[in-house]
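Engineer: Before I ask anything, let me first share the structure, which is written out below as structure tokens.
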Amino acid sequence: MIFRAVIFDLDGVITDTAHLHYQAWKETAAAIGITIDPTFNARLKGISRMASLALILRHGGKERAFDEAERARLAARKNARYGELLASLDSRAILPGIPALLDALAQHGIAVGLASVSLNAPFILDALGLRARFDYCVDASLLRHSKPDPEIFLTACAGLGVAPEQAIGIEDAQAGIDAINASGMRSVGIGDDLQGAGLLLPDTGALSWRCLQDFWSTPPRADAPVN
Ligand code: G6P
Ligand code: MG
């Protein structure tokens, strides 16, 4: 199978905004008497805004205390604060290894996609100065299912005009690795606590054109997840 595309997650792969999401959620949760800590926050990686709020309310034993309209207000409050925290974002926040990899992918004619559930993704790519480097970005507002459902990666493949079997997905969240594997793409995980990644790298600094090529030319492991 020919290697034709790489589809990136955003938060934790292109840039790291997890601490800003955490700060904004922490303040929003505190305002309704719920305390969250970094360990809990790790569970929100790759999870959509409303699903994150639902987890926080459950964590605080308050899942029945807020109706839909109140939840929408809480999510809007969190997002407004997150937007304030994002204001200083610029190209210095691009994670190591990413600019060189994007250059190499362009040089070799590999299509580049973005599969982020963040509704702020277009703004973040603009702030990082990277929007033009992506051939297709999934519009998260049109998705029916969140990661670990493969919908977002399948939508990205369709948008790029490639088959999932011709693409690599790169993710830092378990829900994302599960989504990539379920799509029929090959998965690269960033971090140390991910199950089922076809290739697991400690951080984005270890990503390179060479390592993706080597990975592509290695047959999937016999114990790799069945797609
Ligand atoms: C990413 C982050 C999640 C965040 C989600 C939605 O996947 O890893 O922590 O909840 O995006 O982000 P948004 O910007 O739409 O609130
Ligand atoms: Mg992520």
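These residue numbers are counts, starting from 1, taken along the chain as shown.
Yeah, the Cβs are placed from backbone N, Cα and C, and that goes for glycine too.
Marked as Mg(2+) binding site by TrEMBL: Asp9, Asp11, Glu171, Asp172. Taken from TrEMBL, the feature substrate binding site covers 9-11, Trp25, 44-49, Ser52, Lys78, 116-120, Lys147. The feature active site, nucleophile is assigned by TrEMBL to Asp9. Taken from TrEMBL, the feature active site, proton donor/acceptor applies to Asp11.
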Engineer: Is Leu119 (substrate binding site) helix, strand or coil when read with DSSP?
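Structural biologist: It is coil.
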Engineer: Take the C-alpha atoms of Glu171 (Mg(2+) binding site) and Arg49 (substrate binding site) and report the distance between them in angstrom, rounded.
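Structural biologist: The Cα atom of Glu171 (Mg(2+) binding site) is 18 Å away from the Cα atom of Arg49 (substrate binding site).
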Engineer: Near ligand 2, meaning Cβ under 6 Å from any of its atoms: which of the binding-site residues Asp9, Gly46, Leu119, Asp172 fit that description?
Structural biologist: Asp9, Gly46, Asp172
Engineer: Please give me the CB contact count at 10 A for Ser116 (substrate binding site), counting all chains in the structure.
Structural biologist: 25
Engineer: Could you tell me which of the binding-site residues Asp9, Trp25, Gly46, Leu119, Asp172 have their C-beta within a distance under 6 angstroms of some atom of ligand 1?
Structural biologist: Gly46, Leu119
Engineer: If we count other C-beta atoms within 10 Å, could you say which of the binding-site residues Asp9, Asp11 has the fewest?
Structural biologist: Asp11
Engineer: Can you name the residues of this chain that are 6 or more positions from Gly46 (substrate binding site) yet have a C-beta less than 8 Å from its C-beta?
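Structural biologist: Non-local contacts for Gly46 (substrate binding site): Asp9, Asp11, Gly12, Val117, Lys147, Glu171, Asp172, Ala173, Gln174, Ala175, Gly176.
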Engineer: Since the record lists Arg49, Leu119, Glu171, Asp172 as binding-site residues, which of them has the fewest other Cβ atoms within 10 Å of its Cβ?
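Structural biologist: Result for the binding-site residues Arg49, Leu119, Glu171, Asp172: minimum number of other Cβ atoms within 10 Å at Leu119.
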Engineer: Same chain only, sequence gap of 6 or more: which residues have a CB within under 8 Å of the CB of Trp25 (substrate binding site)?
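Structural biologist: In sequence order, the residues whose Cβ lies under 8 Å from that of Trp25 (substrate binding site) (at least 6 apart) are Ile36, Asn41, Leu44, Ser52, Ile56, Lys78.
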Engineer: Hey, for the Mg(2+) site built from Asp9, Asp11, Glu171, Asp172, who else sits with CB inside 8 A of the CB center?
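Structural biologist: Close Cβ neighbours, site residues excluded: Phe8, Leu10, Gly12, Val13, Lys45, Gly46, Ser116, Ile170, Ala173, Gly176, Ile190.
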